[in-house]
Amino acid sequence: MNTRQLAKVAKRIGFWALIALIMVYAVFPFYYAVVTSLKPSSDLFRVELWPSSWNLDNYAHIFSQTSFLRAIFNSIVVAFSVVFIALLFGLTASYALGRVRFRGRSTVLLVILGVSMFPQVAVLSGLFEVIRSLNLYNNPAGLILSYTIFTLPFTVWVLTTFMKQLPMELEEAAIMDGATPWVTLTKVFLPLMWPAMATTGLLAFIAAWNEFLFALTFTLTDAQRTVPVAIALLSGGSAYELPWGPIMAASVVVTVPLVVLVIIFQRRIVSGLTAGAVKG
Amino acid sequence: MASVKLEKVNKTFGRDHIIKDVDLSIGDGEFVVFVGPSGCGKSTLLRLIAGLESITDGDLIIGETLVNDLPPRERGVGMVFQSYALYPHMTVYDNMAFGLKLAKTAKETVHERVMSTAKILQLEELLHRKPKALSGGQRQRVAMGRAMAREPRILLFDEPLSNLDASLRVQMRNEIARLHNRLGSTMIYVTHDQVEAMTLADKIVVLNRGNVEQVGNPHELYQRPATKFVAGFIGSPTMNFMPAELISGGADGCRVKAAGLSEVPLPQAAHDYPKGTSLTLGVRPEHLRLEAPTADNCFDIVNVEYLGNEVYVYLDPKEGDTLLIHRSEAPSQWKEGQQVSLVPNTEHVHLFDESGTALKLAQTRSAA
C-alpha cells in the first residue's frame, strides 16, 4: 500500500468518524428518551446505554390517563386545522402576491415577513387580550388562531416564491381555455405546487404540534390542553417527584408521528426547499 | 371561422406606445403572418386579438361582434404558445379536453371532439401520455390540438416553432400549412422568421416599432416592398442598398446615379422629387450581374462563399460598411481579389426616398 492509498483510507475513516459524531450528537438525546421510557421506575437513575430490564409500564400508564388521550386529540385537531387554514390562505395569498400585479405588492410581502420576526413573548400579552375579547380563552380555537398568525407568513413567502416560478404562459393557456382564476389555481397550479405545499404544510404542522408557550398561556383545563403542555404537567406520586418514565414515554409517543411524516415527505421537502434556488 | 377587423388599434404600457393606430382586416379562412424584428409589437398585437391584453384605444371586431371587452373564452379564439404551456400534470387527452370540460360540454361531445382532433394531428397513440414523455414535435402538436379542440373561430400561433430544431421546424411548418389547407380556418401566426412567413402566409403583415409597414401576399412583399424596411427585412441574403442621386426624373421614369455605378435609367416615376434628391437604390443579390470592370464601375471581390447550389460573391461597397452581395447559380468563375463591374437588372431595382418610402413605378409601365 503506498502513501496515496493510505491517505485515501485515512480520509475515508475521518469522514465516517465525523458522520458518526454528528449522528451521536443528533440522535443520542432521542435514543436516551426511548431507553428511559422503557425502564422500570426503579432503574431510572442507573446510567446505562442498553436497559438491563425493560417493560412497557410507562406507556400503559400514560395511555390509561384520559387527559393525555384528550390532549393528543386536541393536538391533532389544532395541528391539522392550522395546516389546512395556513395552506388555504397561503395558496390564495400567494396567487395574489405572485401573479397579480398591483401597487404595494412588495410592501405587503415585507410586512408579512416583518410580522414573523417578532418573538412569541413579545406578542403574548397582546394576543392574550385579543383571545379573551374573542371569547376563545381555554378553547383550542384560540390556539388555532394564534398558531396561524405565526405559520402564515412563511407559508405565504414560500408559496409566493414557488408561484412566481410557474411559467406565465401556463396561466395564459388556462385563461384561453376559459378558466377563471379559481379554476386556474385549483386545477392547474395546485397540482404543480404539491412539493411546496408538502414542505410548508409539514413545517406548519411541526410548529403547531410542538408549540408550548401559547398552549400553556391560553388554556386552563386538562380537557383543552395540547400534548406539550400535558407532558409538562404530568405529575408523579408526590409534589417532590418528577415522573421521568411517563414523561419520556409521552415524548416518544408524540415525536414518532412527526418522524414518520418527515420520512414520508422527505423527498418533497428537499425539492420544495431548494425550489427557489435554481431554475429547473 | 370568422374574419377579424382591427380599426385604429392602440396599445400603451405606461409611457410606452407599443401598437400605433393599426388598421387591418383579415378575411375568413385566411392565413395571416405577423412578422418583424423582436420588439416590433407583433406578439402584443396577437395578444390583443387573443384578449390576453386589453386594447387601449380602437376597435377589434371578430366576425360581426365588437370584442374589445369580451374575455378570451367568449371571443372564440384558440392560441398556441411559444413554450407550448401544456399542463404538465395532465395527460394529452386531458390537456385537450380541459377547455371543453370547463365550457360544460357534454361528456360524449368532449370525447368525440378530442378524438377527432387527435386523429387530425396523429396523436391517437399518445393520448394517455403526460407532456414530459413527449418529444418537441409531439408537444407542439398537442399544443395545437388543445387550441383546436374547442373549435375556435380563429387560431392564433405565437412563434410556435422557435423552440424546435431546424429540421423539425421545416417538418412542422409543412404540417401547419397542410392543416390550414384541410381545416380552412382563419389563422394568425406570429414569427420573426421571414422564411416561415413567406412559406406559410396568404397575407404577410410586416410590423416595425408598432406600425404596420406593409400588408400583402408574399410575392408582392418580395417583388414590390413598400418601404426600405420591408425590402431589407424580407429576403435572404438581404437586399443591397446603395446611396444614389436623382439625375433627372419625370412621370414616366427617371435616371439615377449610384455610388460606383454608371447612370442608370429606371422605371420609377420621380416627378415629385427635385433633381439631385438623395435616394437609396436597392437591388436583390440575384438581380445583379457581374461583368468585366470598366473605368467608372469597378468593385473589389472580398469574399466568395460556395453553398453547393449557389455562390455568394461579396463586394467592397464604395460608400458605407455593409458588403454588397451577388448571388448566382454554382459554379462561379469569380475569385477573391478580382475586380468586377456591377450591372443591376433595372426591372428589379427599387428606389427609396429619405423617409424610406419606395418610389412608385411609372403609370405607363403598369398599364402595359
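Cβ coordinates are placed from backbone N, Cα and C, and glycine is handled just like the others.
Nobody curates TrEMBL annotations by hand; they come from automatic prediction.
Database features, via TrEMBL:
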type: TRANSMEM; residues: A:12-34; note: transmembrane segment
type: TRANSMEM; residues: A:71-96; note: transmembrane segment
type: DOMAIN; residues: A:72-265; note: domain 'ABC transmembrane type-1'
type: TRANSMEM; residues: A:108-128; note: transmembrane segment
type: TRANSMEM; residues: A:140-159; note: transmembrane segment
type: TRANSMEM; residues: A:188-209; note: transmembrane segment
type: TRANSMEM; residues: A:244-265; note: transmembrane segment
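Listed as Cβ neighbours of the transmembrane segment (A:140-159) (distance under 8 Å, sequence separation of 6 or more from its ends, same chain) are residues 74, 77-78, 81-82, 85-87, 89-91, 93-94, 97-98, 109, 112-113, 115-116, 120, 123, 127, 131, 134, 193, 196-197, 199-200, 203-204, 207-208, 211, 214-215, 218-219, 224, 226, 272, 276. The transmembrane segment (A:244-265) makes no contact with the transmembrane segment (A:108-128): fewer than 3 of their CB pairs lie within 8 A, with pairs spaced 6 or more apart in sequence. For the transmembrane segment (A:108-128), the list of distant contacts is 97, 146, 149-150, 152-154, 156-157, 160, 213-214, 217-218: same-chain residues at least six beyond its ends, Cβ to Cβ under 8 Å.
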